[in-house]
Amino acid sequence: MVGFKATDVPPTATVKFLGAGTAACIADLITFPLDTAKVRLQIQGERQGPVRAAASAQYRGVLCTILTMVRTEGPRSLYSGLVAGLQRQMSFASVRIGLYDSVKQFYTKGSEHAGIGSRLLAGSTTGALAVAVAQPTDVVKVRFQAQARAGSGRRYQSTVDAYKTIAREEGFRGLWKGTSPNVARNAIVNCAELVTYDLIKDALLKANLMTDDLPCHFTSAFGAGFCTTVIASPVDVVKTRYMNSALGQYSSAGHCALTMLQKEGPRAFYKGFMPSFLRLGSWNVVMFVTYEQLKRALMAACTSREAPF
């Protein structure tokens, strides 16, 4: 057995809720530069046609993007928006991941056997609910990641300033800008991520290929990250463009997607795919492995407190 040993008592809803938020914050701290690189690649060329965008592209890959940002803006630019990102994960991951098992049990009416339908429903439900709670933090995070460009003024001076400025200039609706594509994205992401992780892990355990420990969690998380990136990238690009857009640039998320298709072609929907995969793959591995270990550690601590001798 690698890592903490599973306890006889299943983790409580509170343990899952706190464990998911904490694990997601740890994963964000490690993978945030990849997420920032992804955002820069996704918004690149949105005001130009495909030919001009390709010719004038400032960023040409994950490593190039990161190195260019460090050279022109300093290393701290890779973590621009981190505070909002951590706020987002504590409110967002706690709901969409921490409540997944509870909602899944609700749809199966307490049955131990969960079919693909109940898993998909649970993933969609917690993904959409998490967006309703955490959307303002996501808007601020994306704005910060996109703003720090050489030669242009900073739109926001701090996280608090960003919340205040967006609310003042765009109204409170500005803080929930992009909610529709984000609901769609996170329903898709949650289904792909959590359901794929669930299915891969169950298959590995049932086939006796692995035991329920770190290697199993690592393999399941990596597979879930790849599947999620392939499925969710188009919606993710539209979400990023729309949330970062100036007031009146796009009338809706659908208009944003149509404009991208007309000006940049279908490949625009997979802009930033490699950093998305590197980020989601590594994020999933760190998050799920940490989450599984945190659940066991917290339950072991609770058990030892209740029975110290």
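Positions of Cβ are set from backbone N, Cα and C atoms, glycine also.
Under the heading region 'Important for interaction with long-chain fatty acids', Swiss-Prot lists 16-63, 278-285, citing similarity to another entry as support. What Swiss-Prot lists as repeat 'Solcar 1' is 11-106, and the listing cites sequence analysis. Residues or ranges marked as repeat 'Solcar 2' by Swiss-Prot on the basis of sequence analysis: 114-203. Annotated repeat 'Solcar 3' per Swiss-Prot: 212-297, in sequence order, evidence recorded as sequence analysis. Here Swiss-Prot flags Lys141, Arg185 as site 'Important for inhibition by GDP', drawing on similarity to another entry. Swiss-Prot lists 1-16, 104-119, 200-217, 295-309 with the feature topological domain 'Mitochondrial intermembrane', giving a curator's inference as the kind of evidence. Per Swiss-Prot, topological domain 'Mitochondrial matrix' is recorded for 41-77, 146-173, 243-268, and the stated evidence type is a curator's inference. Residues or ranges marked as transmembrane segment by Swiss-Prot on the basis of similarity to another entry: 17-40, 78-103, 120-145, 174-199, 218-242, 269-294.
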Open item on the list: Counting only residues 6 or more past its boundaries, what in the same chain has a CB within less than 8 Å of a CB in the transmembrane segment (17-40)?
Closed with: 11, 59, 62, 65-66, 69, 77-82, 85-86, 89-99, 142, 145-146, 240, 244, 272, 275-276, 278-279, 282-284, 286-288, 290-291, 294-295, 298
Open item on the list: Counting CB pairs under 8 Å, which listed stretch among 120-145, 218-242, 269-294 touches the transmembrane segment (174-199) the most?
Closed with: 120-145
TODO: Please average pLDDT over the repeat 'Solcar 1' (11-106) for the predicted structure.
DONE: 83
Open item on the list: With every protein chain in view, what's the tally of Cβ atoms within 10 Å of the Cβ of Lys141 (site 'Important for inhibition by GDP'), excluding that atom itself?
Closed with: 29
- [ ] Sort the residues of the topological domain 'Mitochondrial intermembrane' (104-119) into helix, strand and coil with DSSP and give the three counts.
- [x] 8 helix, 0 strand, 8 coil
Open item on the list: Taking only same-chain residues 6+ apart in sequence, whose CB is under 8 Å from that of Arg185 (site 'Important for inhibition by GDP'), what do you get?
Closed with: Ala232, Val235, Asp236, Lys239
Open item on the list: For a three-state summary based on DSSP, what are the helix, strand and coil counts in the repeat 'Solcar 3' (212-297)?
Closed with: 73 helix, 0 strand, 13 coil
TODO: Could you find out if DSSP has Arg185 (site 'Important for inhibition by GDP') as helix, strand or coil?
DONE: helix
